[in-house]
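All remarks here apply to the structure that follows.
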């Protein structure tokens with residue numbers, strides 16, 4: 001999300017939303033807080049008009065930039081085949097799948113698909129694995145080869161981009177929060193469908 005807002009703008013937006021910077025990039029949470037803060041800051045409700053204007057301008061700028069990044073990702077869809085990651089559950093057959101959250105599509109079997117083996121997948125030893133972690137990591141490498149620049153968080157939803165963007169180490173805790181973001185993001189946003 002380095003192409004969305006400057007660091008100072010991002011900090012200001014997160015401060016207005018009442019969120020810690022560790023939540024930067026968790027778009028579903030940010031949206032929920034934005035709607036809540038709109039009610040709180042609205043001048044007709046006795047709120048602060050200046051804060052409301054600043055919140056709106058920063059949030060709308062973020063939305064426009066994220067939309068642009070997602071459009072660029074859609075143009076890159078030819079890099080992979082949707083058959084590389086598939087759900088055989090009945091729930092996956094109902095359209096429009098690409099606009100549904102990953103958690104809605106995979107439901108109870110999400111945990112089975114997110115990571116096959118912690119030790120093997122995180123070290124990159126199992127190149128035939130099609131768990132979400134390995135698939136998104138392979139996609140990260142493909143994007144790097146094609147565009148000759150490393151993709152960043154939101155351009156790429158892999159665990160590596162998540163950790164690099166937020167400055168986290170590999171740990172069960174950071175993995176837990178990454179998979180929660182994947183769970184609450186659309187199939188199209190993550191890049192798991194066309």
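Think of each number as a place in line: the chain as shown, counted from 1.
Just so you know, glycine gets a Cβ as well, placed from its N, Cα and C.
Per Swiss-Prot, domain 'J' is recorded for 12-80. Marked as N-acetylmethionine by Swiss-Prot on the basis of similarity to another entry: 1. Per Swiss-Prot, the feature zinc finger maps to 121-134, 140-161.
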For the domain 'J' (12-80), mean pLDDT (0 to 100): 80
Secondary structure content, the zinc finger (140-161) (per DSSP, counts of residues): 11 helix, 2 strand, 9 coil
